[in-house]
Amino acid sequence: MPESTPFAAPGPELWSRLGWTPDAGQREQLITLQELLRDWNTRVNLTRLVEGEDFWVTQVLDSLWPLKPELDTADTPRRCIDVGTGGGFPGLAVAIALPGAELTLVDSVSRKTAAVAAMARSLGMADRVSVRTERVERTGQDPRCRGQFDLALARAVASAPVVAEYLVPLLHTNGQALLYRGRWQQEDQRDLDPALALLKAKTVAIERCELPSARGPRTVIRVMPEQPTPHLYPRAVGIPSKQPLGIQADDNRS
């Protein structure tokens with residue numbers, strides 16, 4: 001049976017939770033994005049979160065609430081990167097909400113990146129949304145990407161120390177990494193802090209949100225570089241997830 005709650009469609013209740021309301025064009029783009037995702041999902045297994053609250057709360061709202069400061073200056077030119085974009089979230093939702101931004105969306109699965117690139121074209125955003133099919137460890141060592149971004153985003157990719165190693169090398173001096181997390185506790189921060197020390201970065205803010213309709217707690221960890229990231233990071237493909245910084249012994253602490 002289709003959901004009939006206030007959060008199952010793009011109405012005022014949804015936007016009041018975000019503190020931001022899309023203009024008519026953005027609202028139409030978000031509706032079109034749902035239609036495109038529904039269509040592509042019949043051909044490529046992108047996500048099960050396509051209908052009703054699954055889409056509007058767990059995809060759109062969850063993608064955008066960490067960006068409340070940026071939504072206040074949505075037309076400001078920014079370079080943003082979404083690591084592990086999967087079915088295009090948060091990247092495509094962010095591109096709609098921040099019309100001044102250029103987005104780079106990264107995923108290692110070619111069938112997913114092909115679908116996401118096609119959706120970006122259908123949404124009329126191909127001029128400012130680019131898609132890369134590669135492991136993010138390679139992205140972070142590519143001079144065209146390393147140290148180039150104002151915002152680096154990752155949602156539901158890996159543990160926080162691993163995500164930090166993926167994102168921090170992509171930031172320029174004043175850039176910020178946004179680590180999308182669920183519940184965040186002191187022990188999570190204790191795991192993250194040693195990784196940030198190795199990356200020459202620091203936590204600058206921890207923001208929390210309770211998604212409506214019992215969708216659970218969410219946290220975003222904002223991280224900034226304090227110095228240029230050591231060239232070692234990110235390490236070779238697969239190493240960050242197998243040997244998370246600060247959790248397992250690291251031979252490069254000295």
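Cβ atoms here come from the backbone N, Cα and C positions, even for glycine.
Feature annotations, courtesy of Swiss-Prot:
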BINDING   Gly84, Phe89, Val136, Glu137, Arg155  S-adenosyl-L-methionine binding site
REGION    231-254  region 'Disordered'
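Residues Gly84, Phe89, Val136, Glu137, Arg155, recorded as binding S-adenosyl-L-methionine, reach a greatest CA to CA spacing of 19 Å. In the three-state DSSP reading, Gly84 (S-adenosyl-L-methionine binding site) counts as coil. For Phe89 (S-adenosyl-L-methionine binding site), the number of other Cβ atoms no farther than 10 Å from its own Cβ, over all displayed protein chains, is 29. In the three-state DSSP assignment, the secondary structure recorded for Phe89 (S-adenosyl-L-methionine binding site) is coil. Taken residue by residue with DSSP, Arg155 (S-adenosyl-L-methionine binding site) is part of a strand. In sequence order, Val83, Gly84, Val106, Ser108, Tyr166, Pro234 are the residues near Val136 (S-adenosyl-L-methionine binding site), counting only same-chain partners six or more apart with C-beta under 8 A.
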